[in-house]
Amino acid sequence: MLKSLLVIAIGASLGAWLRWLLGMKLNALFPTIPPGTVVANMVGGYIIGLAIAFLAASPSLSPEWRLLIITGFCGGLTTFSTFSAETVALIQEGRLLWALGSISLHVVGSLAMTAAGLLSYQMIGTR
């Protein structure tokens with residue numbers, strides 16, 4: 001149990017640090033729709049897709065790898081709460097089209113990136 005908690009904490013710390021860095025660097029460039037959150041969710045979706053495929057193909061790996069990568073790192077990197085807060089702020093500002101665009105981009109984009117991660121692993125794995 002302690003080992004599981006430790007790998008989750010390490011992964012979550014690294015993922016949250018990367019999300020913070022993306023927000024600091026990218027949100028200043030385009031504050032209308034904070035791209036740091038979008039990029040964090042897209043990258044996280046892609047990594048989760050890759051990780052799911054890789055871990056499914058590697059059953060001998062320790063279960064802590066799943067906890068480190070998916071639960072920890074991707075859990076710390078991706079952010080539904082920040083996406084929700086940013087979307088509500090857009091609605092409160094009366095920018096409904098921006099809010100709808102943000103919702104579409106996050107949801108469809110994250111799903112597409114997860115599928116792309118799965119497909120990427122399948123393409124690499126068949127070579």
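Quick reminder: no glycine exception, Cβ is built from N, Cα and C everywhere.
Record features, source Swiss-Prot:
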TRANSMEM  4-24  transmembrane segment
TRANSMEM  37-57  transmembrane segment
TRANSMEM  68-88  transmembrane segment
BINDING   Gly75, Thr78  Na(+) binding site
TRANSMEM  96-116  transmembrane segment
DSSP-derived structure type at Thr78 (Na(+) binding site), helix or strand or else coil: coil
Most Cβ neighbours inside 10 Å, all chains, among the binding-site residues Gly75, Thr78: Thr78
